[in-house]
Amino acid sequence: MGRRQRDRRRQQQQQRRERGGGGDGQGRDPAGWAGGYPEIVKENALFERYYAALRIVPEGEWEPFMAALREPLPATFRITGYKSHANEILHCLKNKYFKELQDLVVDGQKIEVPQPLSWYPEELAWHTNLSRKILRKSPELEKFHQFLVSETECILDMCAAPGSKTAQLIEMLHADMNVPFPEGFVIANDVDNKRCYLLVHQAKRLNSPCIMVVNHDASSIPNLQMDVNGKKEILFYDRILCDVPCSGDGTMRKNIDVWKKWTTQNSLQLHGLQLRIATRGVEQLAEGGRMVYSTCSLNPVENEAVITSLLEKSQGALELADVSSELPGLKWMPGITQWKVMLKDGQWFEDWKEVPSNRQAQIRPTMFPIKDEEKLKAMHLERCLRILPHHQNTGGFFVAVLIKKSPMPWNKRQPKLQWKLLQKTGDTAVPTSTTEDGSVETIEEQPPEDEQAREVQDSLNSECEQSKKDGVCGPPPSKRMKLFGFKEDPFVFLSEDDPLFPSIQKFYALDPSFPKMNLLTRTQEGKKRHLYMVSKELRNVLVNNSEKMKVINTGIKVWSRNSDGEQFGCAFRLAQEGIYTLYPFINARIINVCIDDVKVLLTQENPFLSKFSNETQKLVKDMAMGSIVLRYDPDPNRLDTLQCPVVLCGWHGKTSLRAFVPKNERLHYLRMMGVEVFQAKRKEEDLRSKMEEGNQDDNAELVEEAADGDGTMQLGCSKQH
């Protein structure tokens, strides 16, 4: 941040203090802690008229529904990470932070202890009676808030790859922390180049070799190919998350601007885009696969209308899944079968035939329910789920789960390739064709067929044959692709005989099963500074699709060059980011440490060997200097200590032993061990605020913005996947 910007911020803060007067002594109105926004009137007559007429709310519940929308959304949080680590976080919350909230009163409001969400498994998601504003502004709650902030993954609520939902998909892949390379992977896509880099930041926190971030228009995302037993096969996905851009009127409790900006025009403008994205999604879905279509809107034009259109043009290839029993405890309303369409001037239409010609550009045939009662009944729209805010004190949401039974009718053939893959798609508009009845269809890239297709494919293969032999997967050469943001560095896989690897293999005694062909760098020339690793499936994707796919990021860092290491036999030290993936293959340079040693490693920067237990000193004594693995295994006889395994990267010096662990991860482990880190963190923040006045408030705002689309925070050591 530049000096001028800092000066401007200080001046603005001073003006706020002068205007605000007393309050808490900082120009803040204590009433603001309650999360209210008095400058915005939470009324919208058109909204009430529209949804009252559609009857999406059960009879007799309209007043509670509107009352809930006017209340601030309560803070919720989800515990993430490997299951054993998540359980430690949960234990810490229950036995320390929740107890400190008992009998606490803030600004006249009694603070209730957080409660688990009844429908979320294993008590890994919780809700409070606090708005996020009171949580971050109240001095009495500062300690609890600091814990949440420090353990929060920063989430940008993107259409294409919302951090929270993508994180959950990756967590499912990594349910077993003993499996370094689970079968399957996640492709997270977004059309916006800048948001892709924010998504990369989020993905890095998950530390998974099974995620790839790509930058494409979701409604025309290219078909990818995989090498299957020496043959090229089109990749169809077993699972697709289609969380499309929407009007967001289900988020009124959090995004209060919706109250004054809401009109039906928003939904009318988005309907075509939503349908195109969803259509492209089901085109790439494998037979037997599932696609989740979701929005944070309550509007049937964005929800049931899109699903109806998909089902109708699929001609039986798609069906709605009955998921009513999969989340017991979750309250939801079934999808509706009849609705009307309204213009922003309040004019209603019940049928496409009623729409005058001068309005047919705004209102499309696919926005209306179908009239054929038999077809309507067969669609089972009641299997859609609509979440209403007043039922469980949440935001509004819509979910539909589609199963693909056969290829879409406009696809002539579809190989039944069942990769265990999850794909996340994004948003934007693309060229489309309009049928005679006014419905919108994407221009589909058909799978190659017969001799002509083989000739085209052979030509494409020959063009990129050399780059694949070299293991170089660069960005697409198309000029059009260069218009999207920054030019990406290539992904260069290590060759079979790369001279770097033997010394690494010998130094760490890597298991023969180590997949060295999955190692890559981001440079073709000069010294390789970092080595990254991907799963074998992602390697397959990269090698076979680099000409048609813009990859922003993939792989986790497993080794970094360290010049000091060369004198000890290896120029590359271990990287904490990839240690949980790498550890199962390492057979040397492992030191088992006790809980007291871990505390020393995490609280002291470069402690002398004499600070450690006798057992650790003996293990280190005969070991050559350089990069090491520090492994902690829980003691089942000491239940008061950390009960989950921890693997840390370290460095054995001549007289010292240190951990190469990022600061936020150090604090995370210390909290799990019950070590108080709040005061140290507070001192650091006080120092920072003195250096740059006003920065702390801005960080608080960023934390609020980091909540995902449902207003949830996510807790967990994001460096553990």
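Using the three backbone atoms N, Cα and C, a Cβ is placed for every residue, glycine included.
Annotated features, as they stand in TrEMBL:
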- C296: active site, nucleophile (ACT_SITE)
- C159, A160, A161, P162, G163, S164, K165, D190, D217, D243: S-adenosyl-L-methionine binding site (BINDING)
- 1-11: compositional bias 'Basic residues' (COMPBIAS)
- 438-450: compositional bias 'Acidic residues' (COMPBIAS)
- 694-708: compositional bias 'Acidic residues' (COMPBIAS)
- 65-405: domain 'SAM-dependent MTase RsmB/NOP-type' (DOMAIN)
- 1-34: region 'Disordered' (REGION)
- 423-453: region 'Disordered' (REGION)
- 687-721: region 'Disordered' (REGION)
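In this view, the densest Cβ surroundings among the recorded positions K165, C296 belong to C296, judged by other Cβ atoms lying within 10 Å. The average pLDDT the prediction assigns to the domain 'SAM-dependent MTase RsmB/NOP-type' (65-405) is 83. Within 10 Å of the C-beta atom of D217 (S-adenosyl-L-methionine binding site) sit 22 other C-beta atoms, taking all shown protein chains into account. Distance from the CA of C296 (active site, nucleophile) to the CA of K165 (S-adenosyl-L-methionine binding site) is 13 Å. For the residue listed as 'active site, nucleophile' paired with D217 (S-adenosyl-L-methionine binding site), the C-alpha to C-alpha distance reads 21 Å.
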